[in-house]
């Protein structure tokens with residue numbers, strides 16, 4: 001490097017060049033010291049350059065020191081320090097500096113807002129973002145492309161997708177950054193179909209996607225639940241430059257597993273050459289979702305032999321797999337193995353092991369695990385215990401778990417329904433009535449069941465007792481045909497205790513109108529014989545529908561794949577992959 005101390009050149013342009021060519025933060029400190037010797041420490045131009053360079057090295061503390069040496073900094077140093085904080089993900093500090101800038105009565109310019117908006121997005125802080133947006137409009141910078149990028153990213157990341165969509169629609173030629181913001185915003189806020197549609201539109205307009213846009217679109221596919229769309233995404237990646245990208249491969253594995261095809265997920269895993277812990281864990285979690293514990297454990301052993309260290313996601317997948325298969329001893333072993341790898345169990349791990357122990361009838365042990373947790377047990381943990389208490393009709397412990405849930409999450413309808421079901425299972429009808437009265441007083445109502453079935457790449461949604469579909473009469477005839485076939489096979493509907501206030505005929509009619517029954521009927525009349533039916537349900541499958549679907553799969557010679565809120569069920573030839581353990 002140029003000898004700073006012995007140089008006789010004192011021009012701003014020389015030192016600016018010297019700052020720009022620095023390769024280490026220690027060199028910047030030497031230059032700063034030399035500027036003091038030469039009396040150039042108050043040069044706004046040079047100080048701005050130093051702040052920018054120091055920030056790029058991650059030395060934000062030195063950048064702030066340099067900034068603070070200026071008695072009355074103008075806009076350029078202010079922009080540099082705000083940008084520095086934002087680029088180093090110190091978003092709160094960036095907003096604090098902006099507040100100080102306003103107090104110093106320094107007016108922002110178009111370069112101030114992009115990184116300020118990035119800070120609002122990163123926190124996220126929608127209220128502050130809106131205040132910044134108001135100032136953008138007041139100062140007339142709304143047409144600046146970088147400011148528009150920041151605004152769209154802000155609203156998309158903060159869940160204000162409709163606002164982001166309006167701003168995005170005003171862009172004549174949105175760049176890749178904007179497309180990524182929209183696709184990611186859609187995917188993360190429940191607008192999965194919009195995310196996939198935007199991805200297709202971006203490609204059709206000649207904008208080449210990157211890893212961000214691809215992974216966002218891939219993550220949207222399981223939300224849509226379309227295996228056909230998932231296969232299209234896999235084929236697209238296979239034709240792109242990202243076919244060997246490990247991060248995208250792990251996303252594809254997760255996508256296929258959540259879209260119901262663990263075989264396709266395994267195909268992606270097998271063709272991935274450079275497997276890191278993320279790829280291994282994605283496949284293990286995939287097996288866990290489908291209750292294929294033996295495959296998950298076998299893969300874990302292969303991972304160990306390959307010298308890959310597991311992480312918290314690996315063990316979550318293993319615990320899920322053991323939980324969904326009833327492998328109590330194996331699950332407990334894996335749970336205790338986590339500490340050997342210096343991994344501290346989190347809420348999800350504890351929820352899995354509580355569910356595993358509880359459903360197997362080890363309620364005292366499950367409660368002891370909760371009591372000894374080093375972290376405060378959350379909703380998922382207490383919910384798992386309450387569910388286990390309902391299964392084994394342990395009213396006292398179930399009531400205690402419910403009280404913990406009510407104190408943490410008092411407006412969640414599901415907790416009251418679980419407690420009501422516990423009382424109903426124990427035939428404590430007066431307490432069922434009390435819970436229902438409490439729900440009514442709080443304005444809470446039970447979630448309405450909804451199921452989606454994929455037919456030729458299109459998802460059709462059905463609710464309980466749904467009669468709105470254009471093919472309703474045809475669907476209703478198919479439902480009646482199914483019920484007659486079920487009765488002819490000797491199937492007897494299970495009268496769930498929670499339906500105690502209905503007579504047998506009414507209860508059976510209600511069960512026949514459950515959303516997955518209607519979805520199955522539609523799938524049968526809309527697809528060729530032998531086609532696998534893929535159904536997604538927003539609630540846990542009820543005992544009656546689970547038992548009925550097993551028989552239906554044999555009667556119609558079809559595989560029926562159902563994804564409920566807990567896991568996947570693969571019904572074929574009269575049996576379910578869960579082994580009736582869910």
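Using N, Cα and C of the backbone, Cβ positions are placed for all residues, glycine too.
Note that this is a predicted model, so its numbers are computed, not measured.
The domain 'DYW' annotation in TrEMBL covers 490-582. Taken from TrEMBL, the feature repeat 'PPR' applies to 74-108, 175-209, 276-310, 311-345.
Across the repeat 'PPR' (74-108), DSSP assigns 26 helix, 0 strand, 9 coil. Packing against the repeat 'PPR' (311-345) from elsewhere in the chain are residues 277-278, 280-282, 284-297, 300, 303, 352-353, 355-357, 359-360, 362, 374, 566-567, 578-579, 581-582: each is 6 or more residues past its ends and has a CB under 8 Å from a CB in it.
Assigned with DSSP, the residues of the repeat 'PPR' (276-310) fall into helix, strand and coil as follows: 26 helix, 0 strand, 9 coil.
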